[in-house]
Structure formats: structure tokens, C-alpha cells
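Enquirer: Structure below; questions to follow.
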Amino acid sequence: MYDISLKELQLKLQTDFQKGLSSKNHLQRLKKDGENLLEKNQGISGISIFVSQFKDPMVLILLAATLISLVLGEYYDAITILVIIFINAILGFVQEYKAEKSLQALAKLTSPKAKVLRDGRIIHVDTKDLVVGDIVFLTSGDKVPADLRLIETYSLEVDEAALTGESVPVQKDSSLLVEGKNIAEAVNACFMGTSVTKGRGTGVVIATGMNTAMGKIARMIQKAENEPTPLQKRLAQLGKVLVSICLVVSVMVVLLGIWRGEEIYKMFLAGVSLAVAAIPEGLPAIVTVCLAIGVQRMLKRRAIVRKLPAVETLGCATVICSDKTGTLTQNKMTVEKIFLDNKYIDITGNGYNPQGQLLEKNKVVTKDNKMVQKLMEIAVLCNTTRLFKKNIEIKGLFRRDKEQWSIDGDPTEGALLVMAAKVDYWREKVLEEYKIIKEYPFDSSRKMMSVVVQNSKGFYSYTKGAPDIILDRCNRILENGLEKTLSWEYKEKIKKVISQFASEGYRTLALSYNLYSSDNNVEKDMVFVGICAISDPPREEVYSAVEKCKHAGIKTVMITGDHKETAVAIAKQLNILPSYGRVVTGEEMNSMSDDELLEIIDDVYVFARVLPEHKLKIVKALKKKGHVVAMTGDGINDGPAIKEADIGIAMGITGTEVTKEAASLILTDDNFATIVEAVEEGRGIYDNIRKFIRFLLSCNIGEIMTMFLAMLMGLPLPLRPIQILWVNLVTDGLPALALGLEKGEKDIMLRKPRSKDESVFSNGLDFKILTKGISIGFITLTLFILGYRKSYGNLDFARTMAFSTLIVVQLFHVFECKSERKSIFEVNIFNNLYLIFAVFSSFILLMIVIYFPTLQKVFGTKPLNIEDWLLIIGIVMVPYILQMIKLLFKAIFKPVHSNR
């Protein structure tokens, strides 16, 4: 494939390099060859998730207890335990299966796209849909989606380290033919999995999926399993400690019972049931479910989570470093003014609709003007973007199609095409006269782009880029259609024009040209033509998002490659730059040592004229200062900074595939406000995990305290083993999971960020869990004793009282766990319908167990009357009544205190 001519290749692959494959031909090939995917380890199947529910050590012990029950003829116990195990397995399966599916769905959402030519139209498709014969366009930052034979190349360089191990990017040339099959020498081809580092090109797909060079070593690069998050790791360690404590207590309960003369079988079953109910062996899995729910919520807010640890880290963010263009601004570029021939020209119209005029002092400027002609020639030829009309569907009562102007490519270049079209200069028409010979793509370090073009008069190089860079490389200026020496005075005047445009918030772009003689004189000793002032208004929603960050203790830092004055104007407009804030340029950073930057970093709110390597320096300095940093990026060179940041954020629309791969979060709308929403969601998820843990552990401690205190006091077992297992199923199941679906509290973005290393039990959560657990134990035991006395020693009745109390007190407690800062009387208990349903369902199940005759025999329960329920609810309410009295006292005496 590398040694035959492009004409032979076109015939061999039965494709058309000018129009691409037809849709019909594409579907036939896709059906025949399959999707363009590498074989990977399969995700966990539903069956394996269900089977794993029975591999837990505690479940295996319960199964052993079931066998012992059968041997001893305790058939009711055996069947009930099996039913409870099975219901528990179903609940566990549903939770884990949903979590697994959520995470698998994310992988599909982040599947890369490719720009292809099909049916004569340029479209964007999922890379998995590529087939042999497809024509693919490559540009800097793209991941090569399949094996390609190159048709055209413009300064194309590709990093093939993933395939060959060679760290230096390889320069590609479509015009060369290569003998042999050595991919390391195939300079006229690109291979799946490699990355475009520079330039652009067009190629035809010659192999897909497992037939690619990468496919041959696919098993060596299979996807690694998701790493557990830091919180999951900490909870797994905590779980081991709690398991040990619970086992010791359970063994003590069993030994005390046997010592007091209880049946060995009954005590063994009680010990096993208590261990199963009390040991929080599922904490890490519960956190996964919570995180998966959070991931789905973030997706609804237009943020795709690529790496699960980012969800919990988001809530710790203290600094958000955001790109200006497209993230803080709308990325809807319009050229509104030009400085040309020592004159200011206004341009009417906005957006990508090429309706408008060029006005100089309210007089229309036409394309007959020689200076305008030269400016527009450079604008459309030094350009790789496409301006076109597309059909959009207008939804509503009467659906209809409407044509709308759009671009495919860079918004800045799109603005130049629209400007030129307003004076009837269309790229397609200009290309009939000019031929592009060579291209020097835009580079963030050079900050300019050039093309070499040819017409009937000769060869020229056209350049566009940052005005200060272009101006330094010009020694002549075009005035009234004539080239003149660019004097120092004129240079200073142009610099003032640039500053003036920048201070008004415009992005500026200079255009120049030169006669081309060799590569050595491109971008040197050029002729200065003019400056374009491009508007890019701030996003409306960013104003409130920046304010929200301030209240949340999060600093917003603007990073841009634009002129300092432009950055300052936008930063002030968005209230990012306070009066005491500093602005630092990339040039100033170059003259600073790391220690000097570290000294001022907390005072800097705007970084202007920066390069990607500066971003990395900024992230490192902020992290050294103890900040948790979120950093945005879109270009290929932003990868190192995004990887270094605690939360790397890639742009879903303008971001390159390489940047997306390095990021932990992708914004589908490229919007700064979405980052703030993701931070808010991250805080809410962490809050919910704490609520979950608070409820689960306090209930577990309550169950242990009930049994352990009864043994110490020489009382009979207050709960039957089957009842303990049922409590575990009913109260530790649905209500606990429903807490993971709580909405974020209203004050969540009025709190300071939590520390990244903060314990999940911080701010007194451990004390709340312990005291509530002891309270649950005492209340349950009190009702057991009262029931025992009231029924004159009827153990089944007393156990029913304890059983009902344990469930009711835990169902009250679940509402208490809705907030750590407010009492149960201050929270809205009805704003989570899942929780209401879970509590109602749990209570109905309790009623069934108590009043349904068959289940009465199984669980050893007795029906309770109104008086019994009033006694249970009355004692359960005692702590809450005391809490209400405390709140009333606070409300009454607070004004008195404040007046003193």
C-alpha cells in the first residue's frame, strides 16, 4: 500500500479521492468488515455481577448457617435466610449493574470523532464507523483513527511513540513512495493510535480495527481497569478495621450467650446474623454507586467525567484556571473593525451570516479598493476553514427546515472568511486564480500561520498572526496599493492602534505578505497590510458563575494567548480581576525564576500572551502553594498542564482528541459556567457519600449496641437472627441508597472548599455516628425491656417491640441524615421523592412482617396495637422533642443576646 501511486491506490480501494465513498458503499463495507475497533477486555457482564453477590465472605457464612439450619431441621430459618440472601443479592446486583452500565456509557460518550469526506460532503463521524476507502482529514491534535495512506500533507508531523517507541515526531510526505512494509519507514502513511503534532493532511483508510498495525499488538495495549478513587481506597481500609471490631463484638455476644446457657445453634445464628448486618463490607461499592449517580447528573449538566477520582476532587477545587476564548467568551467571532491604509474601517453585521458592509466614515468601501483586495486575498488564502450553508430543523408546532450559515474549522478563520464574503471575496473563487503550494500551520509558539501561493504573476507568501509578532517581522508597509518602508514612527502608531483595539476588548490579528523566493524568506522582512479587530463577547452565564466561585472560596484565573490589554478588558468586564489583582504576561514569566513566580502567584488573576509551557508552570506553582487546581485546555500542547492539574478539563467542541485523552473532565459546551456547575455537583456528591456513611454506620452501631448491651445485662436476645437480617435488608437497603440521590443543599456553594486530604469523618461526623448509634441501641433496648414487662415475659412480643423500634428509629434517622448543618425540623423532608418512597416501602414491609400470619410464624412476631405504636413513636421522638426545645430556646434568646 505504501509503494503504489495514488491513482493505483484509488482504483485498488474502489474509492473517490474527490467525493469519498457513497453512504450506500460505506454501509456495505461496514457490514462486511465490522466496526473500526480494537478487541478489548469485555466489561463485567450482568451474570458475573449477580454471581459476585454470593462470593462475599459474609454471604458464604450465611449459606453455611442455612446448611446447619437444614441439618438441625430448622426449615423456616433455612428458607427465610435463603430468601433474604436472594433479595439482598438482587438489590446489590441492581445497584452495581446500574453503576457499571453508567461507567460503560461514559466510555461511549467520549468515543473520538473523525472528519471525513462522504457523498462529496465533509462530515464528522465516530471513528468506529470508518471503513477502508474513507477519506479522512487530519489536523494538529488529532488521534489518527485508522491506518491511512496520505493523499495530501501540509507540514504534517506525527508522534508515533505509541507504535514504534520513537519519541521524535515523524515528518510525513504524501508525494513519496516507500518500498517494503516497515511502518517506521512509511513516511507516506499514518497509523491508528498515533497523534498529529503539527500541520494537517488528508488520507485514505487502508486498514481498520484489528487489521491495523496497532491491531496486531492490540492485546498488549488492552484497557486497564478503572482505578478505585482515593475515597474508595480509604473506605476499603476503614472497612477492614470495622470488620475486625464487628467480628470481635459478634464473637463476644455468642460466647456470652453460650455462657448464660443459650442454645449453641441459636447463638451461632445470632452471631452470624449480627456480623452480616453490622459489618459495612459494601462501603466502597456503595461509594461507586453514589459516584456513578453523580456522573450521570454531571452529564445532564454537560460535563463528561472520564476519570472517576475527578468527581470527588472537584469539590476540593480552590482555583479554576480558565482559557478566555470560547470558555469565558462565546467563541462567536466577528471582525468589527479593520485598520487599513492608515484608516479605520467599520464592518457591519454579526455572526457567520455574510451580510454586511465595510464603512469608512459612513461611506461604503467596495472590493474595487486595491488595499481591500490585498487584505481579503490574505484573509481567505491564509485559511483552512470552510464557510457554508446548512439546513437546521426549526422545532415547534409547525416544523420546518431553515438554511443557516455555519463554519467547519477555526472560529477566528471563520470570521475572516465572513469579512471577505461581505465584499464578495469567496475562498472558492479566489482559489480559481491562486494555487496553494505550501502551508506553515499555526503554531502556539510562533503565533502565526503562512501559506505560499502561486498565481499568473508569481509566488507569494501570505501570513496572518499576532500583531506584535507580525509587526516585528515587517520592514515595509502597503499604503494606497504601494509598498513603502515601515518607519519607526509608523510602527509606534500601529502599536498604539493595537493597544487601542485591545483595550476595547477586541482580539487583534495582523495580515502581511511577501514575494516568495525560498523557504528562508517566509515570515521575514514582510509587507504589513492591516489589522483586524475581532469581537468575541463574554458568555452571559459566566458573570454569575464567577460570582458563585467567589462565594464558594474559589479563585478564577484567566489564561489567554491574547494581548494584555484585551485580557484585562474582558477580565474586568467579568469581575475576574480585582483592583489589587496582578496581570502577568508570558514574556514576564520567562524572566522569572520558579521561586519568584511562587511569591506572586496568589496575587495574579490574569495571565496574558502565554504559551502552553507557561500553563504547566502556573499549575505547578499553584499546587506548590497548596491549591487544588482545575485547568482547562484545548490544544495538543495543553496536555502536560492538564495532566499535572488536579482536575484536567478538556473542551468537547474545540478540544483535540489528544487533550481529551489527557483530561479527567470534558465540557460538551466548552462553557466556564459548566465547570462551576460540575464543582457544585462534585460537592453535592461528596456530601451525599457522607450522608450515606453517617446513616449506614450509625444504624450498624445501633444494632451491635442493642445485642451487646442485652448480653451484658443478662437479658435474652432482643432480636431473633432472622429479624436482624430483615432489618439489614429493609433499613440498610433502599433508604440508604436514596440518600445518594439527595440534591445539593442551597448553601453548598457558600462554603469554603474542603481539603483534599480531609477525612470523610471530619467536622464531627464520627462523633455524630457514634452518639446516634449508642442512642439507637439504648432506645431499642428500652422498648424491648418495656415490651417484656408489659407482656409479662412474652419474649416474642418484646422482640417485636424491639424489632419495630429499631426499624422506626432508623427510618426517622434517615431524614436526620439529609443535612449535617440543619436539624430534622429545618430540612425539607419532601424534596427527595426516592427517599419518601424508600421509607414508605420499608414501613409497609415492617407492617407485613408483623401482621401477616404466615410471616408471623417465620419471624416470630406478634401484632402490635395502637397503644404499643404510640409508646414506640413516643420514645423514638424523645431526642427530636429535645432538639426542638433547643431550637426554640435559640430562637427566643438569640435576639436578646444580640442586643446586649
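Cβ atoms are placed via backbone N, Cα and C, with glycine included.
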Enquirer: Which stretch does TrEMBL mark as transmembrane segment, out of 49-69, 721-741?
Expert: 721-741
Enquirer: Is the count of Cβ pairs under 8 Å between the transmembrane segment (721-741) and the transmembrane segment (872-893), pairs 6 or more apart in sequence, 3 or more?
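Expert: Answer no: the transmembrane segment (721-741) and the transmembrane segment (872-893) share fewer than 3 Cβ pairs below 8 Å.
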Enquirer: Assess whether the transmembrane segment (829-852) lies in contact with the transmembrane segment (800-817), where contact requires at least three Cβ pairs under 8 Å among residues 6 or more apart in sequence.
Expert: yes
Enquirer: State the residues, same chain only, that lie 6 or more residues beyond the ends of the transmembrane segment (872-893) and have a CB under 8 A from a CB inside it; answer 'none' if no residue qualifies.
Expert: 775, 779, 782-783, 801, 804-805, 808-809, 812, 823-826, 864
Enquirer: For the transmembrane segment (800-817), I need the partner stretch with the highest count of C-beta pairs below 8 angstroms, choosing only from 241-261, 692-715, 769-788.
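Expert: Result: 769-788.
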Enquirer: Can you work out which residues elsewhere in the same chain, 6+ from the ends of the transmembrane segment (769-788), have a Cβ less than 8 Å from its Cβ atoms?
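Expert: Contacts with the transmembrane segment (769-788): 693-694, 697-706, 708-710, 715-716, 718, 761, 794-795, 797-802, 804-806, 809-810, 813, 816, 868, 871-872, 875-876, 878-879.
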